[in-house]
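K.L.:
Sharing the features that TrEMBL gives for it:
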BINDING   ASN8, GLU383  Mg(2+) binding site
BINDING   LYS15, HIS207, LEU208, GLY209, ASN210, GLY211, ASP281, MET282, ARG283, GLY329, VAL330, GLY331, GLU332, ASN333  ATP binding site
BINDING   ARG90  substrate binding site
ACT_SITE  ASP147  active site, proton donor/acceptor
SITE      HIS179  site 'Transition state stabilizer'
SITE      ARG240  site 'Transition state stabilizer'
Amino acid sequence: MSVVLVVNSGSSSLKYQLVDVGAGTPLASGLVERIGAGPGPAAHTDAAGRTSRDEVSVADHHAAFAWMLQAFAEHGPSLESHAPVAVGHRVVQGGARFFEPTVITELVKINIDELSVLAPLHNPANLAGIVAAERAFPSVPHVAVFDTAFHQTMPPAAYLYALDRDVAERHRIRRYGFHGTSHRYVSRAAASFLDRPVEELKLIVLHLGNGASACAVDGGRSVETSMGMTPLEGLAMGTRSGDLDPAIVLHLQRRAGLGVDEVDDLLNKRSGMLGLGGHGDMRDLTEAAEAGDEAARTALDVYAHRIRSYVGAYAAQLGRVDAIVFTAGVGENAPGVRAMALAGLGGFGVAVDPDRNAIRSRAARRISTDDSRTAVLVVPTNEELEIARQTLEVVGA
Ligand SMILES: Nc1ncnc2c1ncn2[C@@H]1O[C@H](COP(=O)(O)OP(=O)(O)O)[C@@H](O)[C@H]1O
Ligand SMILES: CC(=O)OP(=O)(O)O
Ligand SMILES: [Mg+2]
């Protein structure tokens, strides 16, 4: 059995999953929240799906790992009989430097740290998780799997901003794209569902989670994606604005008197569905909209409108679309959002079947009508399994 521990360290959370890569199944998973911010929820789920919940005050990522080790010891499975052969880390920003999963050395850590200027909200937390995990698991290799890696195949026409070339190069300003691990996994899973080689397919993948991004996948390679230099660009998200006129940022500083950090906070944490509709969580937002809340309804309209714009743009870039694929928390679980996003596209050969769309399932499925020229699919993502597989490949276990 090849067991890999997958770690996704956020600024205030630690998510982990122990994966049996051969079987493709999780042996355990868990989450510690509100790291460094007083008492917060923590949960550990064992292989049988039993979840034990706790309320913990963890000061930092080291303490979060200590909680995790304790949870394994108390609730299983045992990390002695299911010892991980490697630890795979989600790292958000790999810049133009990392385009493959990479065994973590001191030099790699310096590079991840240095790339923090391009992902100040993500890379420092990823690095803190790596350092803590190395201490908890000192005798196995640690591997970084980058969100940006899959998008390194984008052509310059897609990744360049129309900025002064010297300024852009000096500051490494370009589109990097994120959620690559998910876009890669889902595009392959969609191909396998359609029973066609991914090399033959032109796909639009819509990863709609708390963060959200669209990706045009041509022959299995990312050719365009909606997130840019940072995960702020593109679709409207739970709390992030997505696309804006850049002059708005200047206006907020010049006229509204906001400082740089205040603008950063506004655009990343208080905008999107939260800012427009009062709820950053799609479940709460759709509930409010159904109860007649006008602001929530309008926010949903904006969310769907933005997705439709990207679908149209990517269809034009690809020249043909074999399938549009919904994934992640919202994409997998919110039929109303899926229907709104693709409404009115019948003239372009995209037709969602309302009955198929309403079916709740955890399996990959088709939700388009039989005569829809473009298939519309729901394909659950599994970033942890993909990270575990790539980790195992690099360490050659
Ligand atoms: N049944 C559901 N209906 C609507 N939205 C859902 C449902 N389940 C989860 N979501 C939404 O999915 C989002 C979280 O997606 P997820 O992929 O888990 O995010 P992330 O990994 O980026 O934290 C939240 O907005 C949540 O409300
Ligand atoms: C990169 C990114 O936006 O990640 P998440 O969706 O997990 O916030
Ligand atoms: Mg996610």
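Placed from the backbone N, Cα and C atoms, the Cβ positions cover glycine too.
Where the annotation comes from TrEMBL, it is an automatic prediction and has not been curated.
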K.L.:
Restricting to the same chain and to sequence separations of six or more, state which residues have a Cβ under 8 Å from that of the residue listed as 'active site, proton donor/acceptor'.
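P.N.:
Result: ARG90, VAL91, VAL92, GLN93, GLY94, GLY177, PHE178, HIS179, GLY180, THR181.
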K.L.:
Of ASN8, ARG240, GLU383, which recorded positions come within 10 Å of ASN210 (ATP binding site), going by C-alpha to C-alpha distance?
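P.N.:
Matched recorded positions: ARG240, sequence order.
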K.L.:
Compile a sequence-ordered list of residues in the same chain as ARG240 (site 'Transition state stabilizer'), six or more apart from it, whose Cβ lies below 8 A from its Cβ; state 'none' when nothing qualifies.
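P.N.:
GLY211, PRO231, LEU232, LEU267, ASN268, LYS269, SER271, GLY272 - these are the non-local Cβ neighbours of ARG240 (site 'Transition state stabilizer'), listed in sequence order.
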K.L.:
Would you mind checking how many other C-beta atoms are within 10 angstroms of the C-beta on LEU208 (ATP binding site)?
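P.N.:
Taking every protein chain into account, the count is 26.
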K.L.:
List the recorded positions ARG90, ASP147, HIS179, LEU208, ARG240 whose Cβ sits under 6 Å from any atom of ligand 1, in sequence order.
P.N.:
none
K.L.:
Please identify, from the recorded positions LYS15, ARG90, HIS179, ARG283, the residue with the sparsest Cβ neighbourhood, meaning fewest other Cβ atoms within 10 angstroms.
P.N.:
ARG283
K.L.:
Grab the ATP binding residues from the record (LYS15, HIS207, LEU208, GLY209, ASN210, GLY211, ASP281, MET282, ARG283, GLY329, VAL330, GLY331, GLU332, ASN333) and give me their largest CA-CA distance in Å.
P.N.:
21
K.L.:
Just the number: how many Å between the Cα atoms of VAL330 (ATP binding site) and GLU383 (Mg(2+) binding site)?
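P.N.:
Spelling it out, the Cα of VAL330 (ATP binding site) and the Cα of GLU383 (Mg(2+) binding site) are 15 Å apart.
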